């Protein structure tokens with residue numbers, strides 16, 4: 001099942017593998033964020049897309065790139081393993097980046113530039129096809145990298161080993177911090193290069209970085225703790241459902257001890273411990289009821305009879321569903337930073353000095369800086385203080401951590417509405433209301449509160465979400481669990497697209513007015529849009545609190561590797 005020793009006898013995994021894994025993540029994030037952060041500007045200024053079409057193209061790509069992890073996780077957990085899935089996906093992503101960079105360098109892949117007030121020629125079908133193919137390759141590559149690299153890094157730490165001092169929740173803080181540092185470089189250095197030097201170099205640098213990340217990741221192979229795939233987790237889930245349906249007319253057993261258990265067939269999927277029976281969703285327990293027909297064969301037919309462990313795998317995934325759904329609207333709110341918040345920044349005074357102007361795409365640096373600062377504070381100060389009151393090693397549970405993030409995210413969009421009102425008042429006061437391309441004499445730093453609050457919310461909610469999925473998922477389905485994290489991001493981006501489309505359609509007035517106008521943000525009602533998201537987030541917060549209150553942590557029976565005896569301890573992870 002797992003490779004533990006190398007030729008020198010050193011136990012595999014541990015901290016020594018982190019530079020190779022983090023190198024892959026840093027370079028991958030340079031590529032992804034260096035492309036995504038300023039892409040709204042590329043689509044509108046280089047390909048001359050209308051604003052709403054460009055915003056929806058970007059969120060649709062982000063949504064697709066966050067949906068493909070389901071495919072990557074299936075491949076990794078079923079037969080390829082995490083290492084080979086990440087390697088192959090990185091190569092596919094590399095091809096997409098090369099294609100996109102060439103389209104930015106070669107003029108035949110872009111419409112001719114326009115000057116002044118002349119009507120800009122939009123990109124042709126062929127030029128858009130090159131763009132979409134590049135985006136598709138990037139989305140497919142991300143699908144293999146995103147769910148597997150996080151779980152693969154966490155796999156390097158064996159928490160059931162008493163000699164293992166580094167905990168996975170510490171790893172997730174490190175992971176997000178390193179990822180944030182890479183994003184910080186992308187939204188400052190790369191965005192500046194794209195805006196002031198050229199898109200060819202601005203996309204070429206992350207393309208080279210992606211190539212370096214592939215080499216670094218492969219070089220570390222001899223050091224990794226590799227867990228072999230144990231067959232399709234989706235097949236096991238379906239088998240439980242089919243077996244329960246076949247036995248739906250049977251009465252439930254008097255005691256769960258009468259349900260079928262088989263440590264031998266579960267050995268490969270319960271290396272870290274066996275899931276114990278829970279009282280919820282008892283109709284699924286019928287899959288583990290032994291009948292005379294089941295006893296007649298030597299080997300159990302898993303389409304008729306499932307073990308308690310396998311039944312509890314399905315229960316765990318179902319229990320995680322409502323918590324998963326609660327994260328969607330936070331992503332919808334966060335998505336506005338790369339679309340409408342960026343367009344706000346483009347209309348404001350971004351000068352630090354008379355000669356230096358902050359690129360609009362680099363405003364997200366305040367989100368990242370706040371996220372990094374909050375994560376460092378959380379890991380080094382908050383956990384130690386909270387531990388004194390809660391007694392938990394991680395300070396507070398990941399459900400509490402996520403709840404704090406939801407509250408802060410709701411506050412972020414609430415504040416954003418008032419900042420937009422102030423920006424429009426400044427445009428009106430200076431006679432620039434009808435001049436969408438003019439710079440309004442109001443500092444872009446008025447946008448810092450909303451960007452920073454989103455960063456703080458991410459440090460609590462997103463890392464807590466990662467911890468939740470990895471910790472509560474069955475051990476053989478952790479890549480799939482990471483895919484659920486990215487799928488929530490996918491759905492959040494699609495909800496953003498749907499919300500923008502509906503608001504744009506139904507807020508249109510007979511005189512051409514619109515909450516989200518295509519050409520002049522000053523004439524819109526962006527603040528109403530932000531407050532609509534605020535109301536939706538508040539309702540989502542209430543929903544989350546109910547789900548968190550009712551959530552049942554998975555119970556697991558773990559063998560202590562530090563003791564050669566057969567004693568087991570019952571643990572419920574919190």
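A Cβ is built for glycine as well, from the same backbone N, Cα and C atoms used for every other residue.
Remember, TrEMBL labels are computer predictions, not curated facts.
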Select from 83-107, 233-257, 258-282, 283-307 the stretch of residues annotated by TrEMBL as transmembrane segment.
83-107
Looking at 20-46, 47-73, 128-154, I want to know which stretch TrEMBL calls transmembrane segment.
128-154
Under TrEMBL, which of the candidate ranges 509-527, 528-546 is annotated transmembrane segment?
528-546
With TrEMBL as the source, identify the stretch among 332-353, 398-419, 420-441 annotated transmembrane segment.
398-419
Per the definition of 3+ C-beta pairs under 8 A with sequence separation of 6 or more, do the transmembrane segment (174-193) and the transmembrane segment (356-378) touch?
yes
Please report, as numbers and ranges, the same-chain residues at least 6 past the borders of the transmembrane segment (483-508) whose CB is under 8 Å from any CB of it.
52, 55-56, 59-60, 62-67, 69-70, 72-74, 146-147, 150, 320, 324-325, 327-332, 334-336, 339, 465-466, 469, 473, 514-516, 525, 528-529, 532-533
For the transmembrane segment (128-154), find every same-chain residue at least 6 residues outside the stretch whose CB is under 8 Å from a CB in it, and list them.
17-18, 21-22, 24-25, 28, 32, 35, 47, 61, 64-73, 75-76, 82-83, 85-86, 88-97, 99-100, 103, 109, 168, 171-172, 175, 224, 466, 470, 478-483, 485-486
